[in-house]
Amino acid sequence: MPRALNRKELKLRKLTHISIHHQTTGAANNRPTWDNQIEFLMSCIATSVGLGNVWRFPFVAYQNGGGAFLIPYIIVLILIGKPMYYLETVLGQFSSSNCVKMWALSPAMAGTGFVQTLGAFYLVSYYVALIALCLYYLAMSFQNPLPWAVCDPSWVDCVPSGESVNISSIGGNATSSAELYFTQTVLRQSDGIHNGIGVPLWDLTLSLFISWLIIYVIVARGVKSSGKAAYFLALFPYVVMIILLIRAVTLPGAANGILFFVTPVWSRILEVRVWYAAITQVFFSLSVCSGTLIMFSSYNKFGQNVYRDSMIVTTLDTFTSLISGITIFGVLGNLAYELNYDDVSQVVGSGGASLAFISYPDAIAKSPFVPQLFSVLFFLMMATLGVGSGVALISTINSVLLDAFPSVPVALMSGGLCTSLFLVGLIYVTPGGQYILELVDNYGGTFMRLFAAITETIGIFWIYGLENLCIDIEYMLGKKTSFFWRICWALITPILMIIVFFYALITTERLIFGENYVYPEGAYIAGYVLQYVGIALVPLFIFKALWKYRSSSFIETVKRAFHKKPIYGPRDENKRESWKQFRQEAKLTRQAKRKNWFYHIIIVLFKGYSYRKIGTK
């Protein structure tokens, strides 16, 4: 009996060695890389700086205390946003793997990667529908006058947006032509979805097809094509943004709008819902826990300074959000001035899509200086921002599929994925499409990603081990991990996210569309299915791993399921051997210096052990 067991062990070791050799040599040689590190940086900027910076951040800030919201937002950015961003770029670069295969560091937690991939699928399915709306408005922007600046004869109680008229002074149910154009002409929006969502609208379907075609052309050759496109996708929006900023701050009444945006409502700063809004905005804006950052950094060279890149992108993203807020509310301040409103809140609207497709077009229509020019610039910028994020989300899903089916050509996989998502996206270009978009965004968006972020930090810092990760970083980048990152990763970041997660779970109310539309019961059930199917993937893969690695001892089963696989580590075989040696020396150092568990935890949290430095670049 003992002899048979030894043979099995020898056979297992032999098979493991063959598997490791295949994955660390063949895979390393075949995996594409960026042509230069600037492509990675530009791709991250194009991903993180998206539509959410332009229409979501200003309205979320306004809703949650104006200038007072900026304080929790900056705190959350520093304590959660930056640590999570840096963490994910490190994980992707070190393992050269996507958000699923990276979990070779703890196989039982692989469900986290699938949650992130599913979240990317949900997000990109409706995100491209927003790009389609931007392209539609872009095409209409060349008309004179702008089609939303005038009233259609069939519209009742319509006030032309091209004229400076105070709607409130008219009385009745007067509505701006910009709002009626968006709901009646563009969306042909139904009164609800109790009787179905209707059939896809041909013009929006065409815009959706063009949007997906643009994305396909960019991702068809993987990083070789998306890396080149990233220069334009990252830089062009800033050119337009600066032009619009200069124009916005020079408009009459702009100062009132900007002050309205930044004036703090201090009573709101201690409300938990404000902090929840800050966390959700950071997640949405930086694209953390969507799998994109891990995917992009997996194409880096092993020694690239992702610490520097992470700090650049996260800082630039916040700067962009502030610029967008000042620009948007400067325009809204001018709109209030033109309409003789006493309060800017009267022209803010309901946020979200209405801010991008009603309030801003309404303001553009009133511009005396070539409104068509500013309309073209604005919607071209919006479409470019959307394409940048859409490319990243599609590439994330693509990387998971291509690693699972390596024999399928990139162009074919990309074509199949884009076609499938185009067909799914037809739901959003129906008369009831906005109702479905709101539902998917609410239930399939941030809440699920927040859960994935919590399980990600638990799996890495509490299971794989904080000190093990810091050793990996020291080997890869040649720098020790400071106290700030250690304390955030191990305690502050996960604890804050857990608190906010349970707050959201307890206080969540049923979604209401607009001001008072209540969805049919089946829609709420579908929303909960979207949300909890994703969350269920984590325990499902834990049970799967426990079954796969089962043994006669439950403790041994748990150890096997959660312990890193032999294939985890640098893909280059020489670096892998050097890394293993470095880890072994680090382990011996810890054993020699550790006095007790309490001493060990304090050292790990505050400074880490001192190890021999090995250059790996």
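Numbers here mean position along the shown chain, with the first residue as 1.
Every residue, even glycine, has its Cβ placed from backbone N, Cα and C.
Heads up, TrEMBL stuff is auto-annotated, nobody curated it.
Taken from TrEMBL as is:
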- Val49: Na(+) 2 binding site (BINDING)
- Asn53, Ser285, Leu385, Ser389: Na(+) 1 binding site (BINDING)
- 69-87: transmembrane segment (TRANSMEM)
- 108-138: transmembrane segment (TRANSMEM)
- 199-219: transmembrane segment (TRANSMEM)
- 231-254: transmembrane segment (TRANSMEM)
- 274-299: transmembrane segment (TRANSMEM)
- 311-332: transmembrane segment (TRANSMEM)
- 376-398: transmembrane segment (TRANSMEM)
- 410-430: transmembrane segment (TRANSMEM)
- 450-471: transmembrane segment (TRANSMEM)
- 483-505: transmembrane segment (TRANSMEM)
- 525-547: transmembrane segment (TRANSMEM)
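All features noted in TrEMBL, drawn onto the structure.
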residue	record	Cβ neighbours (10 Å)
Val49	Na(+) 2 binding site	28
Asn53	Na(+) 1 binding site	26
Ser285	Na(+) 1 binding site	25
Leu385	Na(+) 1 binding site	29
Ser389	Na(+) 1 binding site	27
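At the 8 Å Cβ cutoff, the transmembrane segment (108-138) and the transmembrane segment (311-332) share fewer than 3 close pairs (sequence separation 6 or more) and do not count as touching. Stretch with the most C-beta contacts under 8 angstroms to the transmembrane segment (450-471), considering only 231-254, 376-398, 410-430, 525-547: 525-547. The transmembrane segment (199-219) is not in contact with the transmembrane segment (274-299), judged by fewer than 3 CB-CB distances under 8 Å for residue pairs 6 or more apart in sequence. Listed as Cβ neighbours of the transmembrane segment (376-398) (distance under 8 Å, sequence separation of 6 or more from its ends, same chain) are residues 43, 46-47, 49-51, 53-54, 98-99, 116-117, 120-121, 123-124, 127-128, 130-131, 134-135, 137-138, 141-142, 211, 214-215, 218-219, 222-223, 226, 229-230, 232-234, 236-237, 240-241, 243-244, 287, 290-292, 295-296, 356, 360, 364, 410, 413-414, 417-418, 421. Through the fold, the transmembrane segment (311-332) approaches residues 41, 44-45, 48-49, 53-55, 57-58, 61-62, 70, 73-74, 77, 81-82, 85-86, 238, 241-242, 244-245, 248-249, 251, 254-255, 257-258, 260-262, 285-286, 344, 347-348, 355, 359-360, 363 of its own chain, all at least 6 residues removed from its boundaries and within a Cβ separation under 8 Å. Other residues of the same chain near the Na(+) 1 site, with their Cβ within 8 Å of the Cβ centroid of Asn53, Ser285, Leu385, Ser389, are Ser48, Val49, Gly50, Leu51, Gly52, Val54, Asp317, Thr320, Gly388.
Between Ser285 (Na(+) 1 binding site) and the residue listed as 'Na(+) 2 binding site', the C-alpha separation comes to 7 Å.
If one looks beyond the transmembrane segment (274-299) by at least 6 residues along the same chain, the residues whose Cβ comes under 8 Å of a Cβ in the stretch are 31-34, 40, 43-44, 47-48, 50, 52-53, 56-57, 60, 63-65, 68-69, 72-73, 75-77, 80-81, 84-85, 88-93, 95-99, 102, 113, 116-117, 119-120, 123, 223, 268, 306, 313-314, 317, 321, 389, 392-393, 395-397, 399-400, 445-446, 449-450, 452-453, 456, 496-497, 500, 503-504. Taking CA atoms as the reference points, Ser389 (Na(+) 1 binding site) and the residue listed as 'Na(+) 2 binding site' are 8 Å apart.
Of the recorded residues, Leu385 (Na(+) 1 binding site) and Val49 (Na(+) 2 binding site) place their C-alpha atoms 7 Å from one another.
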